[in-house]
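Before any comments, here is the structure.
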Amino acid sequence: MATGTRYAGKVVVVTGGGRGIGAGIVRAFVNSGARVVICDKDESGGRALEQELPGAVFILCDVTQEDDVKTLVSETIRRFGRLDCVVNNAGHHPPPQRPEETSAQGFRQLLELNLLGTYTLTKLALPYLRKSQGNVINISSLVGAIGQAQAVPYVATKGAVTAMTKALALDESPYGVRVNCISPGNIWTPLWEELAALMPDPRATIREGMLAQPLGRMGQPAEVGAAAVFLASEANFCTGIELLVTGGAELGYGCKASRSTPVDAPDIPS
């Protein structure tokens, strides 16, 4: 049940809304009074949220399939008659891969999901967003700006999402459509848990992830959701921005080389 009215009467589409960050965004918009369309290619999570949250509906959609995306937009308009906000959250972070372990085919598939899925939905939604003078929120990643080891394809796709956000903000400003992105850092999600489980010491990996932030913890999906509602509602003078939801992970100096790296440190004269 909605507990607020910050976005009451508005209609929001959230891709990848069935779990993790997407589910946190769905909950935040429902709690702000919006009607939310949950888009996901995994039916189980989306259906469960639909049953749990009055004001939310689920539409099965794979954002890499343009026909699915066309149906998503047309069905949203058929049901609600308007569209005020699109949150492009659907994406994937593959397990760690050295550059020589990646493939062009795998890179293309990740581009289809992380970048072109965002492009396709945004393009098809723009006629309706222009009518409502709505907004687009793209979920990028901190690593799109600062890099990440053993993640070349992922980092490239997320850097492109941030760049596309800024370009689209320029193109859509004359229509009153705002375009922003959120770049999360370490957010505790099922995906993070799955990736940690692949490591030799999952507990140590999780601890390392927590200590990467000056705040000493990972973020929660609800905190990304709160940022999305802010961008959609109060942030009327913000367009083309990258809002970092990172716990300060990008701040300060840190050890970048492996601790086993041989170094020839100079002696300090006594």
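Any Cβ shown, glycine's included, is placed from N, Cα and C.
With Arg19, Ile21, Asp40, Lys41, Asp62, Val63, Tyr154, Lys158, Ile187, Thr189, Leu191 listed by Swiss-Prot as binding NAD(+), the candidate from Asn89, Asn135 annotated for that site turns out to be Asn89. Ranking the binding-site residues Arg19, Asp40, Asp62, Asn89, Thr189 by the distance of their Cα atoms from the Cα of Tyr154 (active site, proton acceptor) places Asn89 first.
In the three-state DSSP assignment, the secondary structure recorded for Arg19 (NAD(+) binding site) is coil.
Under the DSSP three-state reduction, Lys158 (NAD(+) binding site) is assigned to helix. Sequence-distant contacts (6 or more apart, same chain, Cβ under 8 Å) of Lys158 (NAD(+) binding site) comprise Gly91, Asn114, Ser140, Ser141, Val143, Gly144, Ser183.
Neighbour counts of Cβ atoms within 10 Å were compared for the binding-site residues Asp40, Asp62, and the top value is held by Asp40.
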